[in-house]
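Annotated features, as they stand in Swiss-Prot:
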BINDING   Lys14, Thr173, Asp174  ATP binding site
BINDING   Ser54, Asp141, Asn153  substrate binding site
DOMAIN    280-358  domain 'PUA'
Amino acid sequence: MSDVLKNARRIVVKVGSSLVTNEGRGLDAEAINAWCVQLAALVRQGREVVMVSSGAIAEGMKRLGWSTRPKELHELQAAAAVGQMGLAQVYETSLREQGLGSAQVLLTHADLADRERYLNARSTLLTLLGLGVVPVINENDTVVTDEIKVGDNDTLGALVANLVDADALVILTDQRGLYSADPRKDPNAQFIHEAEAGTPELEQMAGGAGSSIGKGGMITKILAAKRAAGSGASTVIAWGREKDALLRLVDGEAIGTLLIASTPKVAARKQWMADHLQLKGSVRVDDGALLKLRDEGKSLLPIGVVEVQGDFVRGDVIAVRSQKGIEIARGLANYAANEARLIARKPSSQIEGLLGYANEAELIHRDNLVLV
């Protein structure tokens, strides 16, 4: 394994439910304490560490006497609310024993989608890291209304890595790493020691494994690595049961699969746009506009738009799609959806005549547009 982890100064560590719970029946305090011992060792090396930890729902289920994961949203939220108390307590106790302060940070997609809240969250986390505190992060499951998670904690880990400009994301799981096929089904499956994050071949290889307690599978980890690569963070997917896995990784030992961020780092504002999971709408563009955006780095003009979908307002992040529906970019809309429909396929010189005013000549300016 390369020196990516050895040289990393700021690391986001994500641990899955199976590594911090007793097979889904409440938290495994001994396991969490072992992780905290390793986190403390990393801090003593001069590194900054953020922990993204699952386990709240499993702990809540135990405290409520539930043996199976509920399906109703309000029951999942109730379990999360109960379990967050225990999760925070265990981490606080274990980190305090190592001489470290801890902070619980609960995030939602809305916190990351709103630019001002995003910047506030970033400022808070960077301040905590500067104080030598270990933030322990989870989705604020109790107040999420559309679904119980951002998607999963793998995705949350990648979003946090981008939020704090981490050098590396470590995803610790109950699997050794990434294989060319599902090793449980294919005896010829080859272990992948190192690859480039974001390559289509990786997504094709990934299976859909997942347990009854957690929600993640290998595909979510592949996509998380792709997302983290946007801000320059490489990702390691490793088996969390390896003894001293974190310490061995930062020593350069070849544990797990390393997915290297090889693409140019995206500017912070554009990374924020790329990280949006829920978009208010989209526009389809003709082939000429597609070439201008993709190959020449131009702005999106109304004349290149052939269809407007959704209900968005000025300043919302929207997707830009090819005529085949493939997302090629996203950016901040200069006009609301109803306005965009009126000016679509029209030259910019006609905007004022059609709307009675003209905010901008572009539907999306190139400074507010990122290719995906």
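Glycine too: its Cβ is placed from the backbone N, Cα and C atoms.
Here the features listed in Swiss-Prot are painted onto the structure.
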{"residue": "Lys14", "record": "ATP binding site", "DSSP class": "strand"}
{"residue": "Ser54", "record": "substrate binding site", "DSSP class": "coil"}
{"residue": "Asp141", "record": "substrate binding site", "DSSP class": "coil"}
{"residue": "Asn153", "record": "substrate binding site", "DSSP class": "helix"}
{"residue": "Thr173", "record": "ATP binding site", "DSSP class": "strand"}
State the count of C-beta atoms found within 10 angstroms of the C-beta of Thr173 (ATP binding site), not counting that atom itself.
25
Mean pLDDT for the domain 'PUA' (280-358), rounded to an integer?
95
Cβ atoms within 10 Å, counted per site: which of Asp141, Asp174 has the most, among these binding-site residues?
Asp141
Test of understanding: give the count of other CB atoms lying within 10 angstroms of the CB of Lys14 (ATP binding site).
31
Provide, as an integer number of angstrom, the distance between the C-alpha atoms of Ser54 (substrate binding site) and Thr173 (ATP binding site).
11
List the Cα distance (Å, whole number) between Asp174 (ATP binding site) and Asp141 (substrate binding site).
23
The domain 'PUA' (280-358): DSSP-derived helix, strand, coil residue counts:
28 helix, 23 strand, 28 coil
Pop the Cα-Cα gap between Asp141 (substrate binding site) and Thr173 (ATP binding site) into the table, whole Å please.
21
How long is the line from the C-alpha of Asp141 (substrate binding site) to the C-alpha of Lys14 (ATP binding site), rounded to the nearest angstrom?
17
If you draw a 10 Å sphere around the Cβ of Asn153 (substrate binding site), how many other Cβ atoms fall inside it, taking every protein chain shown into account?
27
Could you tell me the C-alpha distance between Lys14 (ATP binding site) and Asn153 (substrate binding site) in angstrom, no decimals?
7
Most distant Cα pair in Å, residues Ser54, Asp141, Asn153 binding substrate:
11
